[in-house]
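Take a look at the structure below.
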Amino acid sequence: MCMLQDNECCRQGALVKTNDAFSKEKDIFSRDLPGTLDSSDRQAVPHHFSPSHISALAMKQKLAFTNLSFEDDSDHSPSLPSQINTTTIDLSGTAVVSYNSVMTNSEEIQAAVEDMGFDAFVLTDAVIGKPTNGGIELSMTCTSCVSSIEKNLQKEDGIVSVLVALMAGKVEVIYKPDKIQPLEIIQLIEKLGFKASVLQDYAGTDGNIDLKILGMTCSSCVHSIESKLTETPGILYASVVLATSKARVRYDPEVIGPRDIIKIVQEIGFQASLAKRDPKDHNLDHKQEIQQWKKSFLCSLVFGIPVLGLMVYMLLPMDDHHESMVLEQNLIPGLSILNLLFFVLCTLVQFLGGWYFYVQAYKSLKHKMANMDVLIVMATSTAYVYSCTILIVAVIEKAEQSPVTFFDTPPMLFVFIALGRWLEHIAKSKTSEALAKLISLQATEAVIVTLGPDNCIIREEQISVELVQRGDIVKVVPGGKFPVDGKVIEGNSMADESLITGEAMPVTKKPGSTVIAGSLNAHGSVLVNATHVGSDTTLAQIVKLVEEAQMSKAPIQQLADRFSGYFVPFIIIISTATLITWIVIGFIQFDVVLKYFPNHSKHNSKAEIIIRFAFQTSITVLCIACPCSLGLATPTAVMVGTGVAAQNGILIKGGKPLEMAHKVKTVMFDKTGTLTYGVPRVVRVLLLGDTEATLSLKKFLALVGTAEASSEHPLGMAVTQYCKEELGTEILGCCKNFQTVPGCGISCNVSSTEIILGDEQDVISLSPHIYGFDKGVKDLTPLPKVRDTAVSQTYSVLIGNREWMRRNGLHISSDVHEAMRDHEMKGQTAILMAINGALCGMMAIADTVKPEAALAMHILQNMGVDLVLITGDNRKTAKAIATQVGIRKVFAEVLPSHKVAKVQELQTSGRKVAMVGDGVNDSPALAQADVGIAIGTGTDVAIEAADVVLIHNNLLDVVASIHLSRKTMKRIRINLILALIYNLIGIPIAAGVFMPLGLVLQPWMGSAAMAASSVSVLLSSLQLKCYKKTVLEKYEAEAQGCMKPLTPSQISVHIGMDDRRQKPPKLATWDNISQVSLCSLTSDMASVDLEAEADKWSLLTNNQDEDQYI
């Protein structure tokens, strides 16, 4: 089989229908390319396939398709050339032709059809597949052919390898697609005298694997694993996180596989397995490691306590009485009872308790790497071997006094190391507590029910939650967890969603309410229609995001890991240099060592004192050095920070955005759906008192609501929704002869509103946002209702802007115009209503600003952040919104490409930029920004492109995300300072640099300090768990009296990119799907001369000069 990395694309084309139709739909006729597909593999592509179906089929078969339309009176189909794979022709004269784009193209196919006497033209020729590997079939006769092909192809630039199979007549070529293409390879082979054709194509994709790795002790282990993996052919990327004991690897499946990767990690000396999504297998509690090091500590302590007692015995005053004590007596010359006890205890600890360290150190050194285990083994082995050596020498020489040994060092080292790692893993489990809680919220079982008439439960069945399907009806009892996302169809209850969304108070659930998987049903039983199950639930997505965030590394952590990779070799060099230095100093100036070396016996010789002191300082350097604290400083803080953020409804996708957010100096806000709700709402209703219509307010709403119910315009939907809410009904009247004029309004006939009104008089009370005119209205109250004499009266209804009313012969008085203008200056849309030819009402509609928006902007400005409003809406609406929320700089009427350009412009000036948005048109800017923040209620595209996702539709969470980032980075700096200070000060002290000041450490003291350093860094990171998001009331209290509304003159508004004189920019792909504000789509601002100019309905077609508003 031949593999070719191919950049050629498969294509799909379609031809327009013609007036001539075939008498019947023809069957597929095709002639395969040599070696392309077996007949069993060929499938026809019907003309009615959707693009996605065609694309899917193409990806499977690696084919290309072109649709042809034939113009001929004959009733037979053309016979296409042999390069064609499959063809389908329908009754309308449209054909779908499949072909391999490596061998032919749509123009050649069209020419072939025309040569047969048919008229044809190509409508589309679209890509439906992109193979990355291909095959070539050859005609060879002997091994010399093989050698010739291999040698000549390998000479070509861009060809990586060539493998020829003589018997099969095939060649496998791996090449660089940016330098050579398959057709060029075929031409090269044909020049050698062989016939060649593409045999088969492969769609190769990179593989990804997540591993759970046990046995890592420090950041040197991380560096070792990453280095080994990235050096392995076929592995494209590897990232290992010490705090989570996990690794993420991206690899080429053609070169290496998951089993090979696991084997590589195991050969280095670590336990590796696939990281499963099973909640029971998440390993966030570190139970296995905690139990392992707890046992190791207790085992070491069994031998460590006697050693500690003997050490205390040795610290007693060295007088004659002491020397005559039993333990100081020699069993044989040179061997005292004390040293014998030390030897026995140390040997047991060294080879029982220390066996794990020896194995890990051996595996590390075997692969020419060094980690913390190597330092521990070197320290304990040096102490043990040195002690054994001088003891053997003393016995051989039959010394009167048994020498002073380091047998006490290994047991105490292992005690403190095991204790430190035990505490370290306990602290690690606490750093992942937030994610562990989220995972524990997932229900394991669900009760699905079968409903009969009137929603009566016929049957119940308890199944695993993984078996629940979309559309199932799930019963949730009080105290139970909601197993899936869904909608309540029956029952009322309260749900506790605090651990998922951070909402402190229980949320009311009633029919129609949505529920979140993992939330707790507090009260009544409810029936839920499952809408999202398995990995699609909100909880599963949150867990996935948090897991990925904790798997990623902050840029500062990558620097620390690189430093830690060279830390152990550096310490070994320092330790060796310390040993040599003190030996030299001792023999040159013995008084220095004699003065500051404590607890030396007067019976020891000069050389023994010097050597013992030199080894003591060298071993202490090995013991006290700790790369672990550096390796844990950043990831533990990131884990706690992302976990705390998730508990507060903020999903941060990794360490990079968490680190970058604290540097943000400019925050750009989209308007629609971000600062505003994104949904138009009726904010005011005005009845005109001078109208000839004698309608009640209730009937007015019934007629208007019925008329707009047939409209699909966002404003019409807003009017209908408002009328339904005010009338308290979902049933409206009958609408006939409905017509809509884009940019103007609607007209229709409305009847059958009596079913809504009944016989009751107009006694309804006005909502708080319904008011009358202050002037120009003869009757400020609703006009008295006139009862209809007909059974069902029909009303003529007109709804629209000024121009629409003028076209229908209605005059708009100046006071009505002024009232509309007042609303339009606030960024609202005002529309007029006429019934039976009389102007009788006006409604103001707006996309309302979120109540917390102004407060959030005020707090961000106090934090030193510059604010920018950037929107596709018109300048008038944008300025009105900016005035309300307190943003001084506005960019209006911008395209999505403008948003990206503006972000890039600010980044070029050296500022870190955050973009907050929710729509598809915001996603390019979200991806470009240093930190993209998406509103959780926004589109999936925006959420995917963002670095931070706010679960709540609350702008104060933008403040919280930046504030938490600053807190986390502050904690990371503290951790790194602790780790650096510890090593920068501890190592010189251990080496004896500060001995003149009386600072001399024993090896066991160094090991205790080493263990304490890691634990102290972990405890420092855990301080982030105390973070609490500031409540709204506190923000309001702090801002009280400080928030001053802006005046229009304080706001600068810029149109587009402020380049009006240049030609408009070429529309980017995103610009074609630009999402604009709903109220802007219906802007109805009139010019000063009402009769001279038409109204403006589209924000991007503004032909007025509105500089007076800037």
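Positions of Cβ are set from backbone N, Cα and C atoms, glycine also.
Annotated in TrEMBL:
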DOMAIN    131-197  domain 'HMA'
DOMAIN    207-273  domain 'HMA'
TRANSMEM  297-316  transmembrane segment
TRANSMEM  336-358  transmembrane segment
TRANSMEM  370-396  transmembrane segment
TRANSMEM  402-423  transmembrane segment
TRANSMEM  566-589  transmembrane segment
TRANSMEM  609-633  transmembrane segment
TRANSMEM  976-998  transmembrane segment
TRANSMEM  1004-1024  transmembrane segment
Checklist line | Best-contacting stretch, by C-beta pairs under 8 Å, relative to the transmembrane segment (1004-1024) and drawn from 297-316, 370-396, 402-423, 566-589, 976-998 | finding: 402-423
Check: How do the residues of the domain 'HMA' (207-273) split into helix, strand and coil according to DSSP?
Finding: 24 helix, 24 strand, 19 coil
Checklist line | seg_contact(the transmembrane segment (297-316), the transmembrane segment (370-396)) with at least 3 CB pairs under 8 angstroms, min sep 6 | finding: no
Checklist line | the domain 'HMA' (207-273) [mean pLDDT, rounded to integer] | finding: 85
Next item on the list: Might you confirm whether the transmembrane segment (976-998) is in contact with the transmembrane segment (566-589), defined here as three or more C-beta pairs under 8 A between residues 6 or more apart in sequence?
Entry: yes
Margin query: Between the transmembrane segment (370-396) and the transmembrane segment (609-633), are there three or more CB pairs that fall under 8 A, provided the residues in each pair are separated by 6 or more in sequence?
Written below: yes
Check: Apart from its near flanks, which chain residues at least 6 from the ends of the transmembrane segment (336-358) lie with a Cβ under 8 angstroms of it?
Finding: 296, 299-300, 303-304, 306-307, 310, 313-314, 326-330, 373, 376-377, 380-381, 384, 387-388, 391, 401-403, 405, 407-408, 410-411, 414, 418
